[in-house]
Amino acid sequence: MGCNCSKGTGANDTVDNNNVKETRSKRNNKTSKKKKKSSASSSKVNVGSEERPGFVDGNNKEATFKFLIPLDAMNNISSTPKSCDETDKKVNLERKSSRSIFQRRPTSEMTTLGTLQQPKITRISSVSNGERGAQVMAGWPTWLAAVAGEAINGWIPRKADSFEKLEKIGQGTYSSVYKARDLETNQLVALKKVRFANMDPESVRFMAREIIILRRLDHPNVMKLEGLITSRVSGSMYLIFEYMEHDLAGLASTPGVKFSEAQIKCYMKQLLHGLEHCHSRGVLHRDIKGSNLLLDHNNNLKIGDFGLANFYGAQQKQPLTSRVVTLWYRPPELLLGSTDYEVTVDLWSTGCILAELFNGKPIMPGRTEVEQLHKIFKLCGSPSEEYWKRSKLPHATIFKPQHPYKRCVADTFKSLPSSALALVEVLLAVEPDTRGTTASALQSEFFTTKPFASDPSSLPKYQPRKEIDVKLREEEAKRKKGTSSKQNESKQVSKAVPAPDANAELLASVQKRQGQNNQISMSENFNPGEDAASVRVEPLKSGTAQNGYTRYGMSSVNRNGESVMIGSSRSPPRRELRTQRSFVQRGSAQLSRFSNSVAARDGSHFAIANPRWLEDSYHNNNGRHNDGDWSQRLMVRPRESTKAKESTSSYGEKTERVNYSGPLVSAGGKLDEMLKEHERQIQVAVRKAKKTNRDDKGQTQASLAANGR
Ligand SMILES: Nc1ncnc2c1ncn2[C@@H]1O[C@H](COP(=O)(O)OP(=O)(O)OP(=O)(O)O)[C@@H](O)[C@H]1O
């Protein structure tokens, strides 16, 4: 990172302490703050509860830091923002001869991972914490300092030209990831690029949350955010991480790679230690899956991708969104709509991974939320009567099966070593309270009996392997075979993707401000091109360019094939986005009735159904509401006539206007029948989409022919 403002005391401490202090005072003022309308230019980001159990805040230090501002930078400060194009040119990671005034100078102190390096000192100036002007002076763009002051507090941006970009190594839903070399240290790094169209404040705040959380964490099994690259004139930002050769999903699916029991223990142990740290700092990861578990060449595992993470704890008064965690790893309580969950959500995902590592493939690859819950009940049994009564989960009345499902984990995984099975049994407890903690898992027989967990460095060294490599290899194989990738995709279970609605909260807010009242349920999206007979065994990414949404807002793809966050852009969406969105409207409306989502065309019917759903932490510009789980917050108030029609209409009824997506079956619904109907709906939706595609194609060909092309 560009700056360690209080070097000598430990960069990370300084950063944390600054943040802690700032957030503490924020908490003290919480009541009055809540009442106050926050402005778009607020430099504070509400990241949730601060006073969390076990949170270690280190020493109390002055909330003032020393900014290191070179004189030439001061002279260079221009108040005229440059255009985005210019910004693009600036954020060009190719090696340049001119060296940044802020770039790091190699010194003997800078080799340790996570040590933040001081920039060249030419003048020291002391500024108060969070002072926006100073942040801009230090090189941060105004749009970032304006809305995400806390995220960048005490840091100075690195310059793009102090990195040599090598290759693209990951295409996430929300970002592109590049391998690069830090020219100052000669170390390999991963640069996660997030670009904002129009510097939309809401999108920036969401990214700020990821940064704030990452800066609070400091553990060998958690990816360390080493710094940020941007500039005063930049419209994008890179998060700098240590480069990791593999991810667990990619490695596990490498042909010929078979993990030994001691090796699985080694990975699981590291995962649990990393999670233990997150939980002790009050952070829920909320997207634990193989592709987010990164491994270096020595098999050291680090938990990555904190884009969906949030704070939790007794002080966290605001309900959390239930639309997080990649579907296959999502616990039943979230599928049932829980909004006050805790660490046990991450433990469920951990249980799925443990079983998957032994099993060789994902254990519950559901295609939709309904199917996912059914898979869970079939394997783990349905919850007890007592639980249904006690939990009062929003979707309980819909999903509670008439006859309880029996648990068959032991039967299904009888080939597992008994200590592994015992741990799987605990982690995959259908009732969250009995899943234990990371500490209890680490003390379980699985780790305390032979074979003990291998030392990471003793494990085989693998060829660099990532999920993206697996994808590329599969695509190459498909090309060679000459088969349609779509056909093949439908048969493969190779990649899990984030929760379809993972960032619905932001989208809602963005749309609201855009006046796009045709809210879309994205809980269960289907690719129009998929094969009806075998719908792809994974939910589509809500954030991919495919459907035009990202975690940080809506996405588009720029000329370089990179995802761009489109936040408050007022320009009409590109044609393909419009087309896909309207497909989603029709398709998902039919498929997501049980997901407590909203699918409606007529925004005038929107109402805040439950003011208790003040979600994930973020206040919008005028402070009137928080932008949390819009899918739960923005319930449609159905017109009487529509409601009556809906309540009697069949599940598959063709309807262009969908006004309601709440429970449509009576309490005590028959899950099996529902599933059959649900399956039929999937087929209908896909067939319809295919037909639309064919019609579109036919029309295009006809028009091309008519034009003589
Ligand atoms: N530090 C790193 N070193 C090497 N590769 C990385 C690193 N961080 C991320 N990647 C690669 O980039 C991919 C995407 O990164 P990340 O998960 O952080 O982004 P995302 O947009 O949140 O993705 P997703 O949609 O999978 O959640 C990862 O699956 C991984 O393969």
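Glycine residues also receive a Cβ, built from the backbone N, Cα and C atoms like all the rest.
Here is what TrEMBL records for this protein:
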type: BINDING; residues: LYS192; note: ATP binding site
type: COMPBIAS; residues: 1-18; note: compositional bias 'Polar residues'
type: COMPBIAS; residues: 26-38; note: compositional bias 'Basic residues'
type: COMPBIAS; residues: 484-493; note: compositional bias 'Polar residues'
type: COMPBIAS; residues: 543-571; note: compositional bias 'Polar residues'
type: COMPBIAS; residues: 637-646; note: compositional bias 'Basic and acidic residues'
type: COMPBIAS; residues: 699-709; note: compositional bias 'Polar residues'
type: DOMAIN; residues: 163-447; note: domain 'Protein kinase'
type: REGION; residues: 1-57; note: region 'Disordered'
type: REGION; residues: 475-500; note: region 'Disordered'
type: REGION; residues: 541-584; note: region 'Disordered'
type: REGION; residues: 637-667; note: region 'Disordered'
type: REGION; residues: 682-709; note: region 'Disordered'
- Note on the structure: Quick note, the residue listed as 'ATP binding site': same-chain residues at least 6 apart with CB under 8 Å of its CB -> GLY170, GLY172, SER175, SER176, VAL177, TYR238, LEU239, PHE241
- Give me the mean pLDDT over the domain 'Protein kinase' (163-447), rounded to a whole number. 94
- Note on the structure: the residue listed as 'ATP binding site', DSSP three-state class -> strand
